[in-house]
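Feature list (source: TrEMBL):
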| type | residues | note |
| --- | --- | --- |
| SIGNAL | 1-24 | signal peptide |
| DOMAIN | 152-309 | domain 'AB hydrolase-1' |
| ACT_SITE | Ser238 | active site, charge relay system |
| ACT_SITE | Asp382 | active site, charge relay system |
| ACT_SITE | His409 | active site, charge relay system |
Amino acid sequence: MGLLQPIFTILILAVVLLVRSLKATHVPRFYFPTSPLLLQVKRKNHLENGHSSNGDARQINGNGDAHGNKYDLMGINAFLRSRVPSLFEGYRPTWWLALGHLQTIFVVVGDFSKVDKVTYERTLIRTPDGGTLGLDLCPPPAQAPELPEDTPIIVVQTGLTGGSFEAYLRTILARACASKADGGLGFRGIVVNFRGCAGVPLTSPQLYSAGHTEDLRSAVLYIADKYPKAPLHGLGFSIGANILTRYLGEEGEGSRLSSGVTLACAWDTAKNSWRLENEFIPKTFYAKALGGNFLSVFTRHLDRILQFPPDERLTPHIPDILKLKNPTLLDVDHVLTKYIGGSSPPFPFETPEKYCKYLGSEPPLDHRRFAFPYLAINAADDPIVGFVPTVETQKSSTCALAVTPSGGHLGWFHGGDWFGRPDRWIRQPVLEWLAAVGEDYVPGSELKREARM
């Protein structure tokens, strides 16, 4: 009895803590620039409903423009608080998905086939090296012929081996691309499907990786040429978030994307790779799941790959690739991705460690290369991404980082009392953000230079 009593007490305390956690509202922790760059934003009513109290917002053009619109200058903090209120309200996770592992698992095993249905029209484009990307447009032109030429476009990058079919992006695009009459934003969305994924053919001996931005650059150039009057806004998930962030940092003020929002970005890939390979649960489950999924992109196209002319970066390694059995992601990186995960240079890399160090997306935030609004949302209990750039965000000019206490990797499920269908809380903050950058934010280098003075 002496031994059972402390065990019973610990169990009771665990249950009490769990119940208290489930009843609590999970509000994100925020990180903002210490010296923000001011953005020009169309005024809603009066100066941001009092959100100018943080000192990074002020009124301009008191008489309005030719259309009667008035504008304010504000930092990313005031912009986010005034335009994305649901992010600050937080949420209560589904009680039976209280842990990050459970949220992450439900992303994979949950049945979302009957919700958030989206219809696409696909265009295949060729990259300079002969590769092929699949651009899925929604809504198809036949379904929305009345959309103006300057309708904002959401350019989407998916997670590893994902595609436009993924439920985590459909839940956003289904609303963002619905007409305003149907309660949507009335935007266009274009999903950039990776080489060899989501039915896209593999037409060159090169794949992709979290550090390869040339494919996104090719896609954005194509979209900007096809829709020259439309503002483009980036949306990235997981590895796609990493690619989007690197692209924005590389392009700087010359970016054809006017803003970016990322969910579950991988950030410091070297540290997160070490975590996946050395901690028991991540290595046993997630590292092998990710490695197996990425290896399947190669094996699924093996017949086509063997028909390619000999390639010094790939051909010598095919025997080692085919020997892999139940590999971790680092195992696949060692014999495959470090060689053909992107263009040369910088590929190939000598070691997977050097490759992983190259992939990181947190350095651009510290270089003040971002001269446009950028929001990153991560979960503290994400079992795949364990490191986020808090210091780098504070050194940036226009970036905001929100870290939710829970949500797992691309989960953020709430609702679903008892065992009903849970919903994705993250959808509402992202839609509010997209509406704000698509309709209220006014890109303009002159005003940005004025704001620095």
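The backbone N, Cα and C atoms fix where each Cβ goes, glycine too.
Curation plays no part in TrEMBL annotations; they are all automatic predictions.
Small disclaimer: the values here were computed from a predicted structure and weren't measured.
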Worksheet entry | His409 (active site, charge relay system) versus Ser238 (active site, charge relay system) - Cα distance in angstrom | 8
Worksheet item: Rounded to the nearest angstrom, how far is the Cα of His409 (active site, charge relay system) from the Cα of Asp382 (active site, charge relay system)?
Response: 5
Practice prompt. Provide the number of Cβ atoms within 10 Å of the Cβ of Asp382 (active site, charge relay system), excluding the reference atom itself.
Written response: 26
Item to complete: Show which residues of the chain containing His409 (active site, charge relay system), separated from it by at least 6 in sequence, have their CB under 8 Å from its CB.
Response: Gly100, Gln103, Thr104, Val107, Ser238, Ala264, Ala379, Asp382, Pro383, Ile384, Val385
